[in-house]
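What TrEMBL annotates here:
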- E232: active site, proton donor/acceptor (ACT_SITE)
- E166, H184, E232: Zn(2+) binding site (BINDING)
- 112-236: domain 'VOC' (DOMAIN)
- 242-366: domain 'VOC' (DOMAIN)
Amino acid sequence: MAAGRAAAVAACASPAVPRRSLLLSTAAAGEPPYRPPADSSSPSKFSRFDRSAVRLLGWTAALQPEPVRLSRGASAAPKLRASPPDAAQAATAAAAFGSKEAFAWAKSDNRRLLHVVYRVGDIDRTIKFYTECLGMKLLRKRDIPEEKYTNAFLGYGAEDNHFVVELTYNYGVDKYDIGAGFGHFGIAVDDVAKTVELIRAKGGKVTREPGPVKGGKTVIAFVEDPDGYKFEILERPGTPEPLCQVMLRVGDLDRAISFYEKACGMELLRKRDNPEYKYTVAMMGYGPEDKNAVLELTYNYGVTEYDKGNAYAQIAIGTDDVYKTAEVVKLFGGQVVREPGPLPGINTKITSILDPDGWKSVFVDNIDFAKELE
């Protein structure tokens, strides 16, 4: 890690003053705070608001078993209506595309990875670890008592031009199942060995000592946060995007690559097969890997399905048009689990999708997101 960041690791970063409450949250991004059902043998039940949404908008096929909760400033549940302008925009977007036009538009859309969302059992403990051991800064934190959850955003730079993490703490839930599908987050540093020693000195758990990656030359190490999420520390001097990757495991790599290229407009930045260790990786993203955060897809030979647990939630991606985005996803066989439109109360337009392996992404209107950060 650069000298400046090493100093930040040594001295705990000071929390920033939380910004105004109308900001994109885990719930607002289409992923509800996890709330275990009273009877673990039966699926979660939809809330009154969810049932109303289904009746009003006919989203029965799109909704998942877990309830969709939307962040709002008032304690009263907002009424969700599909306004004529939204319906008209969606219809126009649907009529505008053939597959060639859709693919071209997705490639030209102004997209970047905004943040990655996941759940933790003790948010203050996690913030302390990320600021003291990993050198991140607390960018903002907000509590939503009426929905019984707290969000915290942390990273290595401002949200308007850096990829960050969004932590979610749900009241009373102190443990989650990470599952076998989620892999790790990646942090790029100048010197892996020095960074690992700093983390160890601060009480961090090192699960792999510094050394070359299996089948390659890049020096890496692995550390684990208090909830069991793994972080790969990569040696990449001078990177402008230290929080550089999210690794997810998939059951069919070619299928996943095709989906993220066509439906999400990403580029295949590189692909590497390692027959000795029986795995293949593909790096997907919206720009060069050394300057942008990327999605690392990993296929382990012969493994076609993974348990996803209930800890990891989703990645948020910026777009200039959520309506066109949803139609492109549908055109290329993706599942839209939240139809495009504004969120009640804050009016940020989003749409939520699932990839062929069931991993969720949320597309967020760029202009609306910028307004939330003001």
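Quick reminder: no glycine exception, Cβ is built from N, Cα and C everywhere.
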E232 (active site, proton donor/acceptor), number of other Cβ atoms within 10 Å: 22
E232 (active site, proton donor/acceptor) and H184 (Zn(2+) binding site), Cα-Cα, nearest whole angstrom: 7
Site with most surrounding Cβ atoms, counting all protein chains shown within 10 Å, from the binding-site residues E166, H184: E166
Overall pLDDT for the domain 'VOC' (112-236), taken as the rounded mean: 96
Cα separation, the residue listed as 'active site, proton donor/acceptor' to E166 (Zn(2+) binding site) (Å, whole number): 18
Helix, strand and coil totals (DSSP H, G, I; E, B; other) for the domain 'VOC' (112-236): 20 helix, 57 strand, 48 coil
